[in-house]
């Protein structure tokens, strides 16, 4: 075992003395050492319950003959970080989490790992670490929050942000805003729609790194505790069989994940995270393949913000395996791939029925014949940009309107809230990309303000930043190349007509090649906004959104 270097032989006596200082017995040192990566903290609602999940994992590991040892990972709440400087520190934690987990796992020679994440950057960061370290690993998330209720109807955090927009527009009272505030987030857990955290937890299950229910069993259900115990037991089986992350997360597994991404209507952030995880496995996952997969993958789920169903409803309808079984009626999945269950994808999903065709549409009656995400290209985004097609109203799938250009989120939000944005406009927010932000902030406040003012079906928003999974409407992000490196989004001017055709996968601003060349010749790079600390280092190394905003290591 890997841990033999710290537990066996006379040369390891110093290490054993330190393990003894932890209270470990000789018997415990003779067992496999299983690291449990706990992301518990008291500031993230999706992580406040993870101490209970971790305790259940420890019990499972012990029952199966291992020695569980807990160490921490950080986590940021994107909702709390939203709309201020703190959002610059969200995406960047993905790489901090991967780096620090790699360091802990390698320094202490663990034999296996159980990852206990839940929220947005925590899940992909730990998947990246799992791919790097490549020792037997399993994931068990903290689970989704239950939906809230306002006026007797289910609702969630996306409605809360939109309520702020409605309040600023004078459409609701302060009392109604307070009602939303006190009711949309009723429990612990990751926010209740198909937002980024739940998207990644569901895709972890699809990749084969989490057991059935990992993405959908609510945080407050006892079944979640049982799942954690099973994960603790299962890791010992994976260790015995020497099944490792790179055995599970193959290229075909990522194709399955992309297919299910389209079927579920996941967050556009998945188009950042899946390529980043694949990069750690050792291959390039080009986002261009999304359109090829989308063209043959029907969208079967309209979970919030695209619709009025929630992760708890998906769980009741049969969960991720039921959606996989439904989509595979078209033969779209690779079913011979090994997973953390020790079985193949096909064996896992066999017999998993769709219990509610209103939540999981049958393949013969999908929400749309194409998938939930589209990748667009054109002179505004020569490399690519992405949009959650399933959350766009039909009339906005094709739109042409004048640009209203802003160089930061705050200026755009002020313009929206003061009525300077009108029906037909295309809001452009730039210099918010991975380098330019730095940190590629989410534009949930502007999109929510647009929706809250009743403009969601008539105004588009384009950015080199990104979007929360809670954003809806014609919200087009990850524009690459970004403005900070001279991408064409930096050359757009107020009043330029912008043409968007999501069904045709195109996005252009209507200026001549000669005018574009003139503007490019006059463009000058801006000084970095931040020159010290982690963000400065991140900005120096980070790549474009179309590459997953991975860090580019200089070659020596």
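We number each residue from 1, going along the chain as drawn.
From the backbone N, Cα and C atoms, a Cβ is placed for every residue, glycine too.
Predicted, not measured: the structure shown is a model, and the values here were computed from it.
Residues or ranges marked as active site, proton acceptor in Swiss-Prot (evidence: sequence analysis): 468. Taking all protein chains in view, 29 other C-beta atoms sit within 10 angstroms of the C-beta of residue 468 (active site, proton acceptor).
Within the same chain, the residues at least 6 positions away from residue 442 (Mg(2+) binding site) whose Cβ sits under 8 Å from its Cβ are 78, 82, 87, 90, 465, 466, 467, 468, 471, listed in sequence order. In the three-state DSSP assignment, the secondary structure recorded for residue 442 (Mg(2+) binding site) is strand. Taken from Swiss-Prot, the feature Mg(2+) binding site applies to 78, 120, 121, 442.
When Cβ atoms from all protein chains are considered, those within 10 Å of residue 119 ([2Fe-2S] cluster binding site) total 28, not counting its own. Taken from Swiss-Prot, the feature [2Fe-2S] cluster binding site applies to 119, 191, supported by sequence analysis.
Sequence annotations record features per position, and here Swiss-Prot assigns N6-carboxylysine to 121. In this structure, residue 121 (Mg(2+) binding site) belongs to neither helix nor strand by DSSP; it is coil. For residue 121 (Mg(2+) binding site), other Cβ atoms within 10 Å of its Cβ number 28.
Less than 8 angstroms from the CB of residue 120 (Mg(2+) binding site) sit 76, 78, 90, 195, 196, 197, 200, 269, 469, each of them six or more residues away in the same chain. Of all Cβ atoms in the shown protein chains, 29 besides its own fall within 10 Å of the Cβ of residue 78 (Mg(2+) binding site). Note on residue 191 ([2Fe-2S] cluster binding site): other Cβ atoms within 10 Å of its Cβ, all shown chains, come to 32. Apart from 78, 120, 121, 442, the Mg(2+) site neighbourhood in this chain, defined by C-beta within 8 angstroms of the site C-beta centre, holds 76, 81, 87, 90, 91, 119, 196, 197, 269, 468.
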